[in-house]
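Heads up, the thing below is written out as structure tokens.
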Amino acid sequence: MADGIDRRTDDRLEFSTSKEVTVAPTFEDMHLKESLLRGIYAYGYESPSAVQSRAIVQICKGRDTIAQAQSGTGKTATFSISILQVIDTVVRETQALVLSPTRELATQIQSVIMALGDYMNVQCHACIGGTNIGEDIRKLDYGQHVVSGTPGRVADMIRRRHLRTRHIKMLVLDEADELLNRGFREQIYDVYRYLPPATQVVVVSATLPYDVLDMTTKFMTDPVRVLVKRDELTLEGIKQYFIAVEKEEWKFDTLCDLYDTLTITQAVIFCNTRRKVDWLTDKMREANFTVSSMHGEMPQKERDSIMQDFRQGNSRVLISTDVWARGIDVQQVSLVINYDLPTNRENYIHRIGRSGRFGRKGVAINFVTSDDVRILRDIELYYSTQIDEMPMNVADLLS
């Protein structure tokens, strides 16, 4: 498991996939550039995961592709490797564009592309809101092979003619369910309008609700599908529990009782609003507990430094909104607490997928008031999973 993907669970993933998709058992079988293969092995991959072995070849052939697989199965590397295979680094123009719902995810994708493309001399820029616009303009004018960004800033840079689109041959929508949800739909259309008509579209996500699949028909041509059946999306390897807290006010004491357990590893605590994140952070600190916190309203610099501290293990407990739930990979997180149950069931899998990345064991604990029982049952039904009452020895499951 040197590459961080657990082959035992990975081999059991069942794909509901287009007939023409074949499996490439090794990276060599994909006929990738020599310099790219070097980057892949240097990054720590030994052999492709289930989604990689099916999707990379199809994307490299130029096919529009919909790839769905669980959190932590190597989806980011799937499109990153494909992009690096198809771009021509001699041409200093943007040839691939990746759109993500959060700034942190866009930045993480940039670092994956840079690492995998380490021997290729690739230029990749993170084009995200909340950062200096002058720096964006300077980088884009210099010429970037790949741009990884958030829809608002990318659309702005295209309109200002700093992000030139005429050489773009691939558009990737990462965490497409969130991107295509209400907020970003218009901005994506905005970006898409400026792209050359022959642009290949790749859609990647852990969940693909029907309305998203329906929307992809508008800008994808005969897409090849690499899909995991929904019943398979139970996030094997992650133990899910609930704690019954009769009233909202009792959640805080319950969390304090759990604090010693949290710090055995690293934990993320999810709240539904930024006000709740701020309130809970203040209350925990007043009670002399060490926590850090993050939400979408914080300045980008502050968010970056909190993320860095957490990644390096300097902070062990992070309180956050759903801005953190999508695709952020911190290897040491093995406990997620839903202080508030997510308001939509798709976000549940994104949140608890933060623990147990790449097939490692993880634990998810849901605080459930009497008002929440219905939501919990709905989540169980949707993912065909069972969420049991938390046992007393939860600490043993983490150590």
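Including glycine, each Cβ sits where the backbone N, Cα and C put it.
Per Swiss-Prot, the feature ATP binding site maps to ALA69, GLN70, SER71, GLY72, THR73, GLY74, LYS75, THR76; the stated evidence is sequence analysis. Around the Cβ of LYS75 (ATP binding site), the same chain contributes VAL51, ALA67, ALA69, ASP174, VAL204, ALA206, each under 8 angstroms and 6 or more positions distant in sequence.
Feature annotation from Swiss-Prot assigns domain 'Helicase ATP-binding' to 56-226; the stated evidence is sequence analysis.
What Swiss-Prot records for 237-398 is domain 'Helicase C-terminal'.
Feature annotation from Swiss-Prot assigns motif 'Q motif' to 25-53. Summarising model confidence by region, the motif 'Q motif' (25-53) averages a pLDDT of 89.
Sequence annotations record features per position, and here Swiss-Prot assigns motif 'DEAD box' to 174-177. The list of residues near the motif 'DEAD box' (174-177) in space but at least 6 beyond its ends in sequence, with Cβ under 8 angstroms from a Cβ of it, reads 75-76, 79, 98-101, 105, 109, 203-209, 212, 216, 326-327, 346, 350.
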Q. What is the one among the binding-site residues THR73, THR76 whose Cβ has the most other Cβ atoms less than or equal to 10 Å away?
A. THR73
Q: Would you mind splitting the motif 'DEAD box' (174-177) into helix, strand and coil residue counts from DSSP?
A: 2 helix, 1 strand, 1 coil
